[in-house]
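Okay, so here's the structure we're looking at.
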Amino acid sequence: MVWAVLRRTLVMAVTVFAASVVVFAACSALPGDTATVLLGERADPASVAALRHEIGTDRPLAVQYADWATGMLGGDFGTSVVTRRPVWPQIADRLQVTASLVVTGMALAVLLAVPLGVLASRRRIGPLVSVFGQLGMAVPVFVAGILLSYVFAVRLRVLPAGGYAPLGDPYQWVRHMALPALSLGLVQGAVLVRYVRGEVLEVMEKEYIRTALATGRTWWGALWHHGLRNAVVPVLTVIGVQFVVLLSGAVIVEAVFTLPGVGQMLLRAVEGRDLLLVQGVVMILIALVLVINYLVDLLCLAVDPRLRRPA
Amino acid sequence: MRSAAPRLAALAAVAGLLLTACSQSAADQGRGDPGTLLVGGEVEPQTLDLTVTSNASIPSMLLGNVYETLVDRDQKGTVTPGLASSWDIDRDRRRYVFHLRQGVRFGNGDPFTARDVVFSFDRVRAAASRHPFKQQFAAVSDVKARDDHTVEVDLKRPSNLWLLNLSGPVGVILNQRAVGSLADRPVGTGPFTFGRWDRGNQIVLARNDAYWGAKTQFKTVTFRFYNDPNALGNAMLAGELDLITNVPAPQSLPQFRDGGRFRITTGHTNGEVVLGFNDARPALRDRRVRQAITQAIDRAALLKTVWAGYGTLIGSMVPPTDPWYEDLSKRVPYDPAASRRLLDAAGYGGGLKLRFRVPNRPYATQAAQFVADQLGRIGVRVQMEQVEFPGRWLDEVFTKGDYDMTVIMHSEPLDIVQYGNPSYYWHYDNPKVQRELAAADAGTPAEEVAGMREVARTIADDAASCWLWLMPSIQVSARNVTGVPPNVVTGGYDLSSIRKS
């Protein structure tokens, strides 16, 4: 167990380092720098050069990278040249919104997918659930968002068409989060349903289930006591992967419902060439994805003792 | 397990009912209140410091509302008094004496005096200044306070444009104690004070109860930000907004026509959509080629196709809100036969190949496709490429001049002066235009208007660019909102004439 955990931790650290190099290189390679975009069409070249010198983008790339990376090691993501504010608090502000969205979206998806997936493995309602699954897979997140917004905000006027209320006001938070989370949850849920159904079908064919049924368990009883725990490991892995998909879906949902999340901030930062902010956001997102996968790995280790043996 | 499903369903139903219970939701709060105005359509800036970036959305919200200038321009473009109640110009037009309004205070309580004007102007023209519009102060040689309420400005050469530009972002009067927080807490003398900024969401202005002029009916004005045109439209339809100041595309207008709930207001902006030529290329330095291209494009049809017919055909770099405007849209008319003859005469009858690098903005890409198609008919082969805007476009097209043709909206007021600047990205170098611009800038008001009219005609005849159309201002307001200013003149969205019942 200890070795397995250690190995996964080391892999994560190396990945973060490699990612930082790639992110920095990609941002530096972008045509058009902060100074040009910030000062705009009327600026004279001397001003642009002076600004470049002030923010240090005229230094060698290796120096800039070292500066940025060592700062991050100490938890300092730098200060945005455009907003004149430190990068980390800006990201933290927005992360609250995106995290709310992704977590509630995923929760809805799981709440929807697990019962439906189990039901779908029963012959009678299976086809009905499959239709939902197919529909959900076919409909892009933004279409779901636009439809929900049109029905509930424009036509029925029962929920806001957009905007965000902080967690401090739970009632408003739920109202503003309902449609965005539902857009994500419905689409993600549809994807998950198929996996849950597949896993349940496979597990219920196993010998130990046959034995359980032979000892007089009902189908549901066998599933509950013996099947689910085995079916859950692959589903957990898929949920881990889907979290990443959900993050990118969140960028779109944020635009449709004008949520001030990380995704929208990232788009604007790229547009304004606020490179330190771009790099900071991307690093945080990468770290998040890695941490989620890491946690899923650990969770799988906890659920399934067979995985703890060295490969 | 068997009974869990119905129970869950019931729970979900109850939760749903609770969520949607009060249909007069918080989203609607403020819509019925005549003391608040909810505005959509502005783009969220990343900073509120309009002295470090030329981002047009900052002055749009702050200029005239939070910040004021010595002189203003009204909806017709005429110069009117602002923080200066009057001004004198001496005979050689090089010395301006401004008489300032008395009893004016900044939003933070500080009195407004001549020292603030000197401070603000010196801040623009300082040697170390990186003000994006520093060039507009190039003519100024000295600024001094004669007394608390009189400012004297000396110019190196007479300049009418300098005075006109004072009504724009370069002329805002800053508070000395507040310049440290320009990025997130602007302070000015205007009818509103800055309230708060919920980043990613909205900016709230509050009424300045100590304002020297007519007080506004609105206790607060909220600018809400939408990155998605659809979301903006939905918010208006859902009753969460009083006003959209800037409808992103006219194609979305039909949804606001039904039921008499909304009013649509159209007007002019300063945004000339320019098909720009790179005169550093020998083919495009030839006037006949530029003219051939201009005559090959049916601009009336283009406007109908691309912008649903909204907007104005201009034919030169002058919007109707400039004092020297005249209709030049038919001066170089659509005439494909003449176009082919010109191309032949210039020696490109056998074909001409052009790199058309277009910013990835809907108006530009759609217009470019139309242009490429029409140029194909006179035998010009156009290689079109979309370029990310602003970053890549500014770097490669604008700064490095790596293009033959491009399309971009020039939204800055009075930007016709760029035709006198050979190092601008068009590389348009015509001594006649440069002379005419200088003469108009130095002349009396009558000479100025006549001179600028000359400039506008000269660049039109020379096909310096092809002016596709002037971007319209399209606004949608709720029925109970009146007095929206139809035109964009200085770059500020002036809230003072708006009423809500």
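Note that Cβ sites are derived from N, Cα and C of the backbone, with glycine treated the same way.
Residues or ranges marked as signal peptide by TrEMBL: A:1-25. Under the heading domain 'ABC transmembrane type-1', TrEMBL lists A:95-296. Residues or ranges marked as transmembrane segment by TrEMBL: A:97-119, A:131-153, A:173-196, A:231-257, A:277-303.
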Could you pull out which residues elsewhere in the chain have a CB under 8 Å from any CB of the signal peptide (A:1-25), counting only those six or more residues past its ends?
61, 64-65, 68-69, 72, 279, 282-283, 286-287, 290-291, 294, 297-298, 301, 307-308, 310
Same chain only, please: residues at least 6 beyond the ends of the transmembrane segment (A:277-303) with a C-beta under 8 Å from a C-beta of the stretch. Say none if there are none.
1, 4-5, 8-9, 12, 15-16, 19-20, 23-24, 27, 68, 72, 77-78, 80, 82-83, 87-88, 90-91, 95, 229, 232-233, 236-237, 239-241, 243-244, 247, 262, 265-266, 269-270
Would you kindly list the residues that approach the transmembrane segment (A:97-119) from elsewhere in its chain, counting only those six or more residues past its ends and only Cβ-Cβ distances under 8 Å?
125-126, 129, 132, 164, 167, 173, 177, 180-186, 188-197, 199-200, 223, 235, 239, 242-243, 246-247, 249-250, 253-254, 259-263
Please report, as numbers and ranges, the same-chain residues at least 6 past the borders of the transmembrane segment (A:131-153) whose CB is under 8 Å from any CB of it.
116, 120, 159-162, 179-180, 182-184, 186-187, 189-191, 193-194, 197, 249, 252-253, 255-257
